Each structure stands twice: as structure tokens, then as C-alpha cells.
Amino acid sequence: MRLFALLPVLLGLISSHFVSATDNGKTTDVTWDKYSLSVKGERVYVFSGEFHYQRLPVPELWLDVFQKLRANGFNAISIYFFWSFHSASEDTFDFENGAHDVQRVFDYAKQAGLYVIARAGPYCNAETSAGGFALWASNGQMGSTRTSASSYYDRWYPWIQEIGKIIAANQITNGGPVILNQHENELQETIHSADNTVVKYMEQIKAAFSDAGIIVPSTHNEKGMRSMSWSTDYQDVGGAVNIYGLDSYPGGLSCTNPNSGFNLVRTYYQWFQNYSSSQPEYLPEFEGGWFSAWGGSFYDQCSTELSPEFADVYYKNNIGSRVTLHNIYMVMGATSWGQSAAPVVYTSYDYSAPMRETREIRDKLKQTKLIGLFTRVSSGLLQTQMEGNGTGYTSDASIYTWALRNPETHAGFYVLAHSTSSSRAVTTTSLNVNTSAGALTIPNIELAGRQSKIIVTDYQTGDGSSLLYSSAEVLTYATLDVDVIVFYLNIGQKGEFAFKDAPTHLTFKTYGNSKVSSAKSDHGTKYTYCQGDGTTVLKFSHGVLVYLLDKETAWNFFAVPTTSNPRVAPSEQILALGPYLVRTASVSGHTVSLVGDNANATSLEVYTGNSKVTQIKWNGKETPTKKTAYGSLIGSAPGAEHAKLSLPTLKSWKAQDTLPEINPDYDDSRWTVCNKTTSVNSVAPLTLPVLYSGDYGYHAGTKIYRGRFDGVTATGANITVQNGVAAGWAAWLNGVYVGGAIGDPDLAATSAELEFTSSTLRRKDNVLTVVMDYTGHDQANVKPNGSQNPRGILGATLLGGDFTSWRIQGNAGGEANIDPVRGPMNEGGLYGERLGWHLPGYKGSKTATSESPLDGVSGAAGRFYTTTFKLDLDSDLDVPIGLQLGASADAPAVVQIFMNGYQFGHYLPHIGPQTRFPFPPGVINNRGENTLAISLWALTEQGARLSQVDLVAYGAYRTGFNFNHDWSYLQPQWENNRGQYV
């Protein structure tokens with residue numbers, strides 16, 4: 001490493017607080033010091049959100065998400081690259097087909113104006129199957145994972161080389177958006193020794209990324225305050241990264257008890273001082289929500305986790321702790337479609353994130369925007385020292401304060417919240433602050449329950465104005481033709497502010513319903529008001545314009561960047577107020593053009609700072625425009641409240657048997673013979689031959705086994721199956737149901753003793769068929785072998801005889817990846833899946849019946865239902881559409897939903913909780929024909945049926961974003977070559 005001066009130092013003006021920046025010896029485009037990260041020589045507050053492109057398999061929608069994040073104050077995204085998604089078999093990698101084309105991730109991020117933090121593992125966790133390890137490698141052949149073992153290294157190294165080259169080409173040094181690269185994921189350094197295998201592993205990763213050409217700084221994410229790992233400032237014996245990070249999920253919230261948890265962690269600052277004091281404080285994963293497990297609560301029920309108060313209190317607490325790199329996990333969770341989920345989650349990965357699984361903006365994201373826009377312009381926040389903290393700063397000891405000070409500009413940032421952060425008390429207090437004008441007491445600061453405020457002092461608000469202090473929170477400011485300051489408060493709360501070095505005899509005019517008064521003080525004129533409903537604007541005689549917004553009005557305020565640079569200067573913004581979303585804004589001649597979305601028609605106020613601009617265009621159409629006395633433009637933005645959303649009733653179903661393998665005479669001669677007597681897996685099988693599905697090249701989805709034996713003396717069989725928690729299975733002897741297990745959300749493996757009767761036995765060629773559901777491969781923390789815990793049958797013992805043979809069938813082609821667009825985890829081994837009945841273009845057999853899923857099946861059996869329907873939504877609408885299912889919880893069953901070939905729903909009605917399954921545009925055709933397929937098999941003789949199968953709309957938005965593409969490249973059609981996989 002080497003040191004160089006980050007900022008030019010004027011002779012004779014060298015500050016005692018000057019800190020040189022550190023680089024990694026490979027590039028000076030990204031540097032750091034103990035305060036913040038710098039990109040291209042400028043400090044930046046990294047306000048980032050976690051997004052997983054694999055969970056939204058429509059590349060065009062990545063730009064939709066990125067634009068929404070940029071509009072809501074984010075300047076970066078953090079992205080996992082899952083090895084499992086790109087590698088179906090050893091030495092094969094797909095970075096081209098459909099959503100596997102990761103170059104588009106980088107291109108869209110750059111277009112939207114977002115930095116990228118790359119996280120390629122090789123292990124990722126992320127509640128994805130096998131934690132992101134390629135499933136072909138997760139059958140045990142990696143040996144001792146996450147160590148320096150050669151068996152592991154030989155498998156992950158090619159992955160890092162392939163994805164690493166793409167990341168390298170998109171580094172900021174090459175004009176791309178990548179500024180940081182993470183090594184591994186939450187890997188604890190429990191033994192600080194250069195000879196330790198985990199330390200050697202981290203050195204291997206460092207070398208591998210370097211071999212791939214990556215030169216931006218490296219990072220890692222500590223798994224909570226559980227160990228001290230990979231910091232150059234603490235027992236560095238090897239494997240350390242450039243910038244240490246700490247993951248934290250402190251909420252402790254409950255979906256069923258809104259009064260639980262909500263306890264802030266106030267020890268981050270000390271932790272970073274102890275273990276990474278020379279580096280900026282970085283939270284690579286901070287709670288944006290939490291995942292939900294099989295049998296738990298659905299995300300929409302988790303009101304506390306979804307609350308905007310969570311974002312307000314927790315994210316501001318991080319600012320008070322001096323964090324300047326802040327990544328929210330997840331900012332949008334999306335969907336664990338196909339067989340990509342780890343067993344700990346069901347299909348939805350909504351995560352209670354600020355952005356809904358359906359790409360809709362929650363109030364939680366709107367509140368987060370208030371913080372993001374503040375950090376964007378608050379340059380003084382990027383170089384602060386901890387002046388103090390505790391309950392002694394306010395007149396009420398129930399309030400806790402963080403006090404930060406910029407040693408060069410002397411700007412102060414006081415972050416207030418209730419000392420008992422879960423408190424719902426409404427408290428009014430005064431705050432003692434230090435300013436350039438001396439010590440002051442700011443009165444009448446009200447904190448509602450679960451509210452936090454950032455009080456600023458000596459805060460620059462433009463080229464010609466500064467605030468001496470303000471008890472109203474700063475949302476943002478802009479330096480346009482005049483300095484524009486935007487404040488926000490809850491309705492009814494009092495605000496007070498004073499300018500620094502303002503002209504004497506300053507006057508102002510008020511536009512709006514908040515009454516503002518001025519009074520002389522020892523430190524100039526102070527302005528006080530009580531926040532009314534909506535917007536009030538103050539126009540001061542020295543040119544400054546002040547917007548006073550109530551909080552919920554502020555949720556619909558946008559400071560739209562006029563640059564694609566993630567670092568936005570206060571002068572590079574157009575201010576807009578009113579709509580649900582403003583994506584972009586630009587000025588041409590006399591017109592300001594805005595592109596955005598609206599659910600309901602709203603007013604639209606725009607401030608450009610350009611007196612020549614007299615006309616507003618919204619989504620390409622002029623809107624009647626008038627000019628206000630303070631220089632803004634007023635128009636309107638239409639909504640979708642009157643849009644006709646006519647979703648068809650699903651009918652004209654075709655049904656076929658999807659478990660013909662139950663029939664003992666079914667021809668399985670093309671199936672894979674299970675004849676191995678040893679396994680690559682270190683977990684020994686309970687019986688032989690080995691019946692682990694991974695040993696035979698079948699990894700994701702349903703598996704079917706057929707065991708044979710002769711004679712009539714067998715009384716039963718002991719079968720143990722392991723296919724993930726909640727995964728059930730069923731068995732048939734010679735076509736007769738003999739038992740199984742319905743699945744348990746607490747058990748990954750289940751056993752059953754199947755009972756045979758003489759009437760079901762044959763003298764020759766008895767066939768035991770075992771069909772099993774699959775909920776994913778485990779993550780690394782699951783004993784005994786983590787991501788390599790075997791799947792399939794662990795043991796099969798015939799009582800009163802011996803099996804003579806076993807065969808297995810899984811997804812069509814196994815590791816061949818015969819559908820590279822949808823990828824290696826989309827399909828399982830059900831007969832209908834293998835033959836492609838779920839794919840567009842499949843017309844159905846002549847023997848298909850007209851039954852629907854509402855008819856269901858009698859007894860332990862399975863059916864595959866298909867239908868088609870057309871949608872013709874307005875071209876300027878974004879309508880998230882899903883499928884609502886219902887079924888009795890007393891009839892155990894396994895249901896899968898396929899939309900245009902994509903498995904976008906795994907429904908277990910007896911376990912739950914998910915019953916509604918959304919489809920993004922591109923998976924569903926909002927303007928065109930769609931193929932819907934549903935597989936249903938009953939786990940018991942009770943049979944099963946669905947009680948509801950309906951298309952539903954989550955919302956409707958008039959939009960300027962183009963959702964009308966030819967999606968055919970994402971929806972390969974059925975081909976008449978699937979018969980080989982019977």
C-alpha cells in the first residue's frame with residue numbers, strides 16, 4: 001500500500017486534522033481513510049442496496065429496479081453472483097443466455113447512475129440453494145469447503161476466473177461501475193495463524209481475484225459481532241482485505257408481536273474503533289428486512305419490519321455511529337424461483353424489504369429515501385469525529401444523542417432517538433449544541449415514538465448559504481439559480497432554524513399553510529413554525545428558497561439527478577414533488593421533461609432553477625403548466641386509477657397424469673441405474689447401493705426412485721429421505737400407496753416404515769416407487785456437511801428380503817442444462833416437467849382430460865394441468881400480476897406453478913405460508929398469450945385439490961418505463977425431443 005494526499009493542501013493552511021488516503025497499491029481510483037471512501041479523488045457516502053439479479057430473471061427489469069433505487073436516494077447496489085446459476089456442470093459457464101448475461105447488470109447500473117459492489121463468493125449464503133455453490137459440486141466432491149483443500153480449490157477457482165474477468169472489465173478503472181470487490185462471505189477467522197487453512201483459503205481467494213484482473217479494493221463482511229476477521233488493523237496474519245465490514249441484523253422483530261424487539265445496537269462505533277480504526281465504517285449487510293421460513297408468517301403480515309419507522313430509527317442510528325458505507329440487505333428481495341431457494345425459505349424472497357417483491361415502492365423505501373437524499377448532499381458528514389454520545393445532550397434523559405463533528409468545516413450532526421429505542425412515547429426536549437456562534441440550546445424538539453432526527457449545525461446548504469442550526473430535518477438542498485433547502489417534520493411538530501452569517505433585516509414571504517414567525521436572538525434571526533399538512537414554501541429576500549414538508553409529503557419529493565454519475569452535486573438536480581416515482585428529468589429549451597410512474601393522479605411541482613423553462617412534459621406528454629410566485633412550475637401527472645384491468649378467468653384446462661411411474665409396468669429402462677457402492681460424499685449412506693441423487697447427476701427438484709425385489713415374503717421397507725426441510729415424499733408398491741412423510745418445516749430428513757400386504761406383492765419384479773419433493777440444498781451452517789449434505793434416499797432397507805436394483809430419474813438431462821435460458825435449477829423430475837408440458841407451445845396429448853386443479857386428485861396421485869390465457873393491458877401500465885391459490889391445510893400436497901415455462905411457485909398448503917405468487921413482466925406477457933401450468937400431487941390417500949386459482953393484480957401504475965418488449969427470447973418454446981426423458 002501507499003499513501004497520497006487526497007485533497008490539495010494550500011501552503012500554510014495544513015490542518016491538524018488532515019488525513020492522507022490509503023490505496024491498495026493497484027489503483028488510486030478508489031481510496032479510503034478512517035472517515036470514508038473516495039472515488040476518483042472525491043469523498044462519497046456509499047448508500048447501497050442489495051439486489052440479486054438471479055431472483056428477477058428479466059434483464060430489462062433490472063433497469064426498472066435500478067432507476068427506482070436511484071430515484072429513492074441510492075448511489076450503489078451490492079450484488080451476489082451465484083456460481084449455481086451460471087454453472088450447470090463442471091467446466092461449463094453461461095454468461096450469455098437470458099438473465100445469465102451479467103454484462104447487462106453492469107450496463108444498467110451504469111446507465112442508472114449506481115456504483116456496484118461485487119460479491120462473487122465463491123460461497124454466498126443468501127438463502128439460496130447450497131449458498132450459491134454450483135449444485136454439481138455440492139454432491140460432496142468439494143471435500144472440506146471454505147478451506148485451502150485442493151479438492152475445493154480445484155472446483156471454485158475456475159468460477160472466480162470466469163466471473164472475475166467480467167467484474168474486472170467493469171471496474172471503475174475501466175469506465176465501469178464496480179468500486180469494491182468482496183472476498184468470500186461471512187467467513188469467520190477464529191484462529192489467527194498464517195498456517196491456518198482458512199487463512200490460506202482467503203489468501204487463495206485474494207490471488208484468484210488478482211489473477212482475474214480485479215484491482216479495486218477488497219472487502220469482507222464479518223458475521224455479526226461474533227469474531228474479528230480479515231482486518232489489517234487486527235492480528236493480520238494473512239487473508240486480510242482492504243476494507244473491513246460488519247454485517248448486522250439487530251431488529252429482533254416478530255411478525256406476530258409488533259411490540260417485540262426494535263432494540264438499537266449502539267456499539268458499532270466502538271467495534272470499528274477496536275478492529276478497523278484506519279478504515280471507514282462499513283456495513284456490507286444491514287437489516288433491510290428478514291427472511292421467512294416454511295410454516296412461518298408471510299411477509300405482508302410483518303408490520304413492524306415493514307414500517308417506515310424501522311428505516312427512520314435504525315438507519316439514522318448508523319449515521320450517528322459514523323458509518324459512511326451503508327448497504328441495506330435486502331433493498332429488494334424478489335423471488336427464489338425454480339429450485340433456487342435454500343430450505344430455509346419458500347418461493348417468495350420478499351424479505352419485507354423497502355421494495356416489494358413485485359417491484360412496488362413501499363413506505364419503508366420512501367422513508368429510506370429521506371435518508372439517502374440527505375447523505376447525498378451532506379459532504380460534511382464524510383469526515384466526522386465522534387464528539388460524544390449519551391443521554392446528557394438533551395433536557396430529557398430519555399433521549400439518546402450521537403454528536404458528530406467535522407473537524408475542518410465544523411459542521412455538527414446530532415442524531416437523536418429514544419434511549420429505549422422501542423419506546424412509543426412522544427417526548428419533547430431541548431438539545432444543547434456547539435456551533436460557530438457558540439453554545440446554543442435548540443428548544444421544542446419532538447420525537448414521536450420510534451422516531452429519530454438528525455439535527456444539523458454549521459451546515460452548508462449551497463454556494464451562498466449555511467444553516468447555523470435547524471431542528472427541522474434536512475431532506476436535501478440544491479444549488480440552482482438560488483439555494484433551495486428542503487426540510488421535513490411530522491404534521492404538528494415544531495421546527496426552528498437560523499441561517500449562518502445571513503444579511504441583517506432579512507425578509508421572507510410564505511406560500512402555504514404552515515405559519516412561520518421570526519424573532520431576533522443572540523445569534524441572529526431564528527425562524528419557527530409548526531408543520532402543517534402538505535407543502536409550505538418560504539422565499540427569503542437574499543434569494544434562498546425553503547420548502548417545509550410534512551413527512552408523508554416528503555415521501556413523494558424527488559431530487560432527480562441530471563447526471564449519470566453516482567456522485568451527484570447539489571447543482572446537478574431537478575426538484576419534483578407529487579408523484580409516486582420520478583425516474584429521470586431533463587431540460588431542453590423551454591421544457592422540463594420528466595419520466596415516472598403514478599398509481600393515482602397527482603399534482604406535479606417542479607423546480608429547475610431555470611427561468612426560461614415554462615412547460616412540463618410528463619412521460620412525453622405536455623401537461624397544462626403554470627408558474628408559481630417563487631419560481632416553480634405546477635402541472636399534473638395522471639394515474640392508473642381509471643385503468644381497465646380485466647384479468648381473465650382461468651378455464652379450458654387440460655389435465656394429464658404426472659405420476660405414471662406409480663404403475664409397476666412403467667418402462668424405466670432409460671433411467672439411471674443406482675449401482676454405486678461408494679459415494680463422493682463424506683456423509684456415509686445408511687444402506688447400499690448409494691441412493692444420493694447428487695452422485696448420479698440429479699440435483700434440483702423432484703426426484704423419483706424405483707426399487708425392485710422378488711418374492712412375497714417382504715413385510716415392508718424402512719426408507720429415509722433427505723430433500724430439505726418441509727419436503728415430503730410418498731411411496732407406492734406395485735401401484736398401491738404404502739406411506740411416506742408429508743414434510744416437516746423443522747426436519748430435513750424423514751423416515752417411515754412402509755407396510756406391505758400380501759395382496760400388493762408379486763412373486764417377481766415388485767416395484768417400489770418413491771417420489772420426493774425438494775426444497776433446496778442446505779447452506780454452510782447446517783450439520784454435518786453444510787451445502788454438501790446429501791439429497792435423495794439416505795437409506796432403504798427391505799424388511800424380509802433385499803432389493804435387487806434401484807433406478808433414479810430427475811430433471812430432464814440432469815446436468816446437461818437442456819434449457820439454458822431458464823437455467824439448471826428451473827425444472828425437477830416430475831413426468832410433466834421432463835416432457836416439457838410446462839413450456840409455451842406444448843399442445844397437450846389427445847388423451848388429456850378437461851379437469852382443472854379445482855377438481856384435484858383422488859387418493860395419492862398426481863396431475864399436471866395446463867391452460868393458456870391472453871392479456872392486453874395498456875402499453876403505458878405497469879401491473880404486477882400474480883396467482884392466488886387456495887387449498888385445504890388438512891390435505892397434504894405439493895403444488896408447483898409454471899408461467900411460460902418458469903417455475904414461479906412452490907406451494908405446500910399444509911405447511912404454508914405463501915398462497916399468492918407474483919410473476920414479473922417477461923415471465924408473464926402483459927400483452928400477449930401466456931401458458932400456465934400447475935402440477936399437483938397428493939402426499940396421502942386423502943387426495944388433494946385446489947379451492948382457488950385466480951389471477952390477481954397487486955397494483956397499477958401509469959408509467960413512462962418501457963415494459964413492452966418482445967419477451968420471446970426469455971421464453972423458449974416446447975420442442976418435440978422431450979420423449980427421451982420418459
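Glycine residues also receive a Cβ, built from the backbone N, Cα and C atoms like all the rest.
What Swiss-Prot annotates here:
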ACT_SITE  E186  active site, proton donor
ACT_SITE  E285  active site, nucleophile
BINDING   Y80, N125, A126, E127, N185, Y249, Y351  substrate binding site
DISULFID  C255-C302  disulfide bond
CARBOHYD  N274  N-linked glycosylation site
CARBOHYD  N389  N-linked glycosylation site
CARBOHYD  N434  N-linked glycosylation site
CARBOHYD  N600  N-linked glycosylation site
CARBOHYD  N675  N-linked glycosylation site
CARBOHYD  N718  N-linked glycosylation site
CARBOHYD  N785  N-linked glycosylation site
SIGNAL    1-21  signal peptide
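Within the same chain, residues at least six positions away from N185 (substrate binding site) with a Cβ under 8 Å of its Cβ are R119, G121, Y123, C124, N125, A126, G131, N221.
Close to Y249 (substrate binding site) in the fold, though at least 6 residues off in sequence, lie G224, E285, F286, E287, W290, each with a CB less than 8 Å from its CB. For N675 (N-linked glycosylation site) paired with E127 (substrate binding site), the C-alpha to C-alpha distance reads 33 Å. Maximum C-alpha to C-alpha distance over the listed substrate-binding residues Y80, N125, A126, E127, N185, Y249, Y351 is 19 Å. Here C255 (disulfide bond) comes close to S292, G296, S297, Q301, C302, S303, T304, E305: these same-chain residues lie at least six apart in sequence, with C-beta atoms under 8 angstroms from its C-beta. Of Y80, E127, E186, Y351, all annotated as recorded positions, the residue with the shortest Cα distance to N718 (N-linked glycosylation site) is E127. Look at N274 (N-linked glycosylation site): DSSP puts it in a helix. Considering only the glycosylation sites N274, N389, N434, N600, N785, Y80 (substrate binding site) has N785 as its nearest partner by CA-CA distance. Same-chain residues at least 6 positions away in sequence with a Cβ under 8 Å from that of the residue listed as 'active site, proton donor' are, in sequence order, N125, N221, E222, K223, D247.
If you measure from the Cα atom of E127 (substrate binding site) to that of N785 (N-linked glycosylation site), you get 17 Å. Measuring Cα to Cα from N434 (N-linked glycosylation site), none of the recorded positions Y351, N389, N600, N785 fall within 10 Å. The two recorded residues, N600 (N-linked glycosylation site) and Y351 (substrate binding site), show a Cα separation of 26 Å.
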